[in-house]
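Participant: Once you've had a glance at the structure underneath, I'll fire off some questions.
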Amino acid sequence: MVVKILVWSICLIALCHAWMPDSSSKLINHFKSVESKSFTGNATFPDHFIVLNQDETSILVGGRNRVYNLSIFDLSERKGGRIDWPSSDAHGQLCILKGKTDDDCQNYIRILYSSEPGKLVICGTNSYKPLCRTYAFKEGKYLVEKEVEGIGLCPYNPEHNSTSVSYNGQLFSATVADFSGGDPLIYREPQRTELSDLKQLNAPNFVNSVAYGDYIFFFYRETAVEYMNCGKVIYSRVARVCKDDKGGPHQSRDRWTSFLKARLNCSIPGEYPFYFDEIQSTSDIVEGRYNSDDSKKIIYGILTTPVNAIGGSAICAYQMADILRVFEGSFKHQETINSNWLPVPQNLVPEPRPGQCVRDSRILPDKNVNFIKTHSLMEDVPALFGKPVLVRVSLQYRFTAITVDPQVKTINNQYLDVLYIGTDDGKVLKAVNIPKRHAKALLYRKYRTSVHPHGAPVKQLKIAPGYGKVVVVGKDEIRLANLNHCASKTRCKDCVELQDPHCAWDAKQNLCVSIDTVTSYRFLIQDVVRGDDNKCWSPQTDKKTVIKNKPSEVENEITNSIDEKDLDSSDPLIKTGLDDDSDCDPVSENSIGGCAVRQQLVIYTAGTLHIVVVVVSIVGLFSWLYSGLSVFAKFHSDSQYPEAPFIEQHNHLERLSANQTGYLTPRANKAVNLVVKVSSSTPRPKKDNLDVSKDLNIASDGTLQKIKKTYI
């Protein structure tokens, strides 16, 4: 029996070492236990939802043949604000003739922005023939003013990875400009990127676009042109154009004169860095203090491993100042088709510096415009702190979307970013960015919640009003989920150990409360950085007699306590002790009474004895597991990098040197006959005229030598 237990223990431990589950989550909630509101649109056909705009009270959602106006508080539809726009029958039939399905040949709204006060521009796929309409708000409803072609602004396919951002009534878009999707471009009428120029755009998948300073930034992933000599690989990029770029002189009027791009480096450092190369989503630009007194503007990005690799996801933060610095740095150039991409010498860069924002780019010299066409690639953008702030390796899911509730205030006047991360299996992770004071790293505390009932991928995430509320957008469903889990904790210890800046323990009410519901922090207990619960009261099973200055309170405590005379001090089930002053809860130290040294009586009941028996049984079981672990440890060494969620490959070039012979199989010092213990039932081989024992060309060490033979 003991042997069986030992064997099963070893197997269990080996299985755990083979694949460690995601045990870092503080709290895991099932879909049914999450408070949420749902919106399903037509609930029959695919909608391909996308959030077009959001304000303090409403959220505009693009779907199949219409724009929905939803309340951001409960996702109820304001039908007076709905805009219907189906494709015409002619466009639908032409789409069917091109080989598309009926679901493809609909008008999926992808773009909405305000061109001027009181007017909206809406663009849709329109059965693979993009169109844009201008709506004017008159007499309480939106009326169509004009309709124009949307090629270059809106994608043909609702599932195509496109992005757009408006500035000063103009739309900057990143999409494709043909039916097949083979002409990607970054466009603002009339300027666009070069046609069929792989050095500018090479099969990109656009993720997000933001306006910052004098520039519009685009985040995307594409096939790396600088790696083509070695194979095919995907790199993450950030590209920029000037907001007021008017194009170049002469034939370059419809081309950008400020387009530059750089690789986003998200890697785990080491002798051979491990890269997360495929960007999936970015947050908005947020501002805060991260391990310094200076305020920084950063943007969070989700980057993953390729789809055919082991599932790995990482979150890297990039400082906007670093991105701007890279675009002011060295240009990269390939001398010949077989050359490496190297920095361009400074003396070969024309003046004024190409790619800068100028008042009128149409008067730039031709050499500047031509230089920027062929030298759009810059050096890499480093991640903040030089490494990801969160890494997750999982066979079950990958990160797909991210949004940030920036600089949430704690009761200790700390400001921390709360991140919401969507996955491709319908879950939302809540993570807290906790800067460490003396290290260049960020710690995270994570909570995982299942939001979509059928595991549909999360496409978008948006912050909603209220602590912990987030809008989760899927392909055919939108949910307003409350990821504030304060009320689920009933003990001070559990509440504090959540390390959630939204939650704190109210010592006055004995409740785990959301901070936005209280008016005073006086009685709150919270420790987001360490999760230290020393400030908590003892569990309710421990009866404490608290003596305060008020006589009425003293009488109440004496009345509710157990008389010491009625207890037998020799009874081993009775424990008497004195509380130390250090155990006094600071929250209870008020101006009225304060804390006093008091006697603590603890009585162990029958329930306590049952718990002791269970604990002893569990300890006995784990003793067998520990024995198995000891045996297993002899054959399984610990990871050299216990804190890393991956195993870094170290390929030492000197592995065959003298000091590395320990890795090689020792050579035999004498000849070994490998044919031993041949079964008698084995048929004897046929005799020939080659008697090995008579072959003098076989050396004693067993090495065969080439000989000449003559056959008659």
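Every residue number used here counts from 1 along the chain in the order it is shown.
Glycine is no exception: its Cβ is also placed from the backbone N, Cα and C atoms.
Copied straight from Swiss-Prot:
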type     : residues      : note
DISULFID : Cys95-Cys105  : disulfide bond
DISULFID : Cys123-Cys132 : disulfide bond
DISULFID : Cys242-Cys357 : disulfide bond
DISULFID : Cys266-Cys316 : disulfide bond
DISULFID : Cys486-Cys503 : disulfide bond
DISULFID : Cys495-Cys512 : disulfide bond
CARBOHYD : Asn42         : N-linked glycosylation site
CARBOHYD : Asn69         : N-linked glycosylation site
CARBOHYD : Asn161        : N-linked glycosylation site
CARBOHYD : Asn265        : N-linked glycosylation site
SIGNAL   : 1-20          : signal peptide
TOPO_DOM : 21-601        : topological domain 'Extracellular'
TOPO_DOM : 623-712       : topological domain 'Cytoplasmic'
TRANSMEM : 602-622       : transmembrane segment
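Please situate the listed features within the shown structure.
Facilitator: Within the same chain, the residues at least 6 positions away from Cys105 (disulfide bond) whose Cβ sits under 8 Å from its Cβ are Ser87, His91, Gly92, Cys95, Ile96, Ser127, Tyr128, listed in sequence order.
Around the Cβ of Cys123 (disulfide bond), a 10 Å sphere holds 27 further Cβ atoms from the protein chains shown.
For the recorded site, Cys242 (disulfide bond), the DSSP three-state label reads strand.
Cβ contacts within 10 Å of Cys266 (disulfide bond), excluding its own Cβ and spanning all protein chains shown: 29.
DSSP gives Cys503 (disulfide bond) a strand state. Taking a C-beta cut-off of under 8 Å and a sequence gap of six or more, Cys503 (disulfide bond) has these contacts in its own chain: Asn484, His485, Cys486, Lys489, Cys495, Cys512, Val513, Ser514, Ile515, Gln526.
Cys512 (disulfide bond) falls within a strand segment according to DSSP.
Long-range C-beta contacts of Asn42 (N-linked glycosylation site), restricted to its own chain and to partners at least six residues apart, with a cutoff below 8 Å, comprise Gly63, Arg64.
Take the CB of Asn69 (N-linked glycosylation site) and look out to 10 A: across all protein chains shown you find 16 other CB atoms. Asn69 (N-linked glycosylation site) carries a strand DSSP state (E or B).
For Asn161 (N-linked glycosylation site), other Cβ atoms within 10 Å of its Cβ number 17.
When other Cβ atoms within 10 Å of the Cβ of Asn265 (N-linked glycosylation site) are tallied across all protein chains shown, the result is 20.
The average pLDDT the prediction assigns to the topological domain 'Extracellular' (21-601) is 84.
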Participant: Could you state the whole-number distance in Å separating the C-alpha atoms of Cys357 (disulfide bond) and Cys132 (disulfide bond)?
Facilitator: 29
Participant: When the Cα-Cα distance from Asn161 (N-linked glycosylation site) is computed for each of the recorded positions Cys123, Cys242, Asn265, Cys266, Cys316, which gives the smallest value?
Facilitator: Cys123
Participant: Work through the recorded positions one by one (Asn69, Cys132, Cys242) and name whichever has its CA nearest to the CA of Cys266 (disulfide bond).
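Facilitator: Going through Asn69, Cys132, Cys242 one by one, the Cα closest to that of Cys266 (disulfide bond) is Cys242.
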Participant: Among Asn69, Cys123, Cys132, these being the recorded positions, pick the one whose CA is nearest to that of Asn265 (N-linked glycosylation site).
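Facilitator: Closest recorded candidate to Asn265 (N-linked glycosylation site) by Cα: Cys123.
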Participant: If you count other C-beta atoms within 10 angstroms, which of the disulfide-bonded residues Cys357, Cys495 is the most crowded?
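Facilitator: Result of the Cβ crowding comparison: Cys495.
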Participant: Asn69 (N-linked glycosylation site) to Cys123 (disulfide bond): how many Å between their Cα atoms?
Facilitator: 16
Participant: Taking 10 A as the limit, how many CB atoms besides its own sit near the CB of Cys512 (disulfide bond)?
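Facilitator: For Cys512 (disulfide bond), the 10 Å Cβ neighbour count is 23.
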